[in-house]
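What follows is a set of notes on a single structure, which appears directly below.
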């Protein structure tokens with residue numbers, strides 16, 4: 001195998017590894033509806049508005065949510 005082909009193989013393998021790491025980080029990021037701002041939702045027994053999270057069973061941690069209600073198949077998390 002010549003040196004140029006070996007170098008191309010090394011660069012290709014490194015690119016695959018870095019791309020896989022970025023995809024793994026993106027996979028664990030919570031998916032909130034709307035890129036710039038979240039879609040709002042209103043629960044019948046709550047005052048104000050909440051954040052709508054798509055296809056989740058519970059509210060994600062780290063956002064200060066204290067209560068929720070289900071808007072099937074999504075969840076509405078409070079406080080906003």
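Even glycines carry a Cβ here, placed using N, Cα and C.
In Swiss-Prot this protein carries:
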{"type": "SIGNAL", "residues": "1-19", "note": "signal peptide"}
{"type": "DISULFID", "residues": "41-76", "note": "disulfide bond"}
{"type": "DISULFID", "residues": "43-69", "note": "disulfide bond"}
{"type": "DISULFID", "residues": "59-77", "note": "disulfide bond"}
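Here the features listed in Swiss-Prot are painted onto the structure.
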{"residue": "41", "record": "disulfide bond", "Cβ contacts under 8 Å, 6 or more apart": "49, 50, 51, 52, 71, 74, 76"}
{"residue": "43", "record": "disulfide bond", "Cβ contacts under 8 Å, 6 or more apart": "50, 68, 69, 71, 76, 78"}
{"residue": "59", "record": "disulfide bond", "Cβ contacts under 8 Å, 6 or more apart": "53, 65, 68, 75, 77"}
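Ranking the disulfide-bonded residues 69, 76 by other CB atoms within 10 A of the CB puts 69 at the bottom.
Annotation note: residue 43 (disulfide bond) sits in a coil segment as assigned by DSSP.
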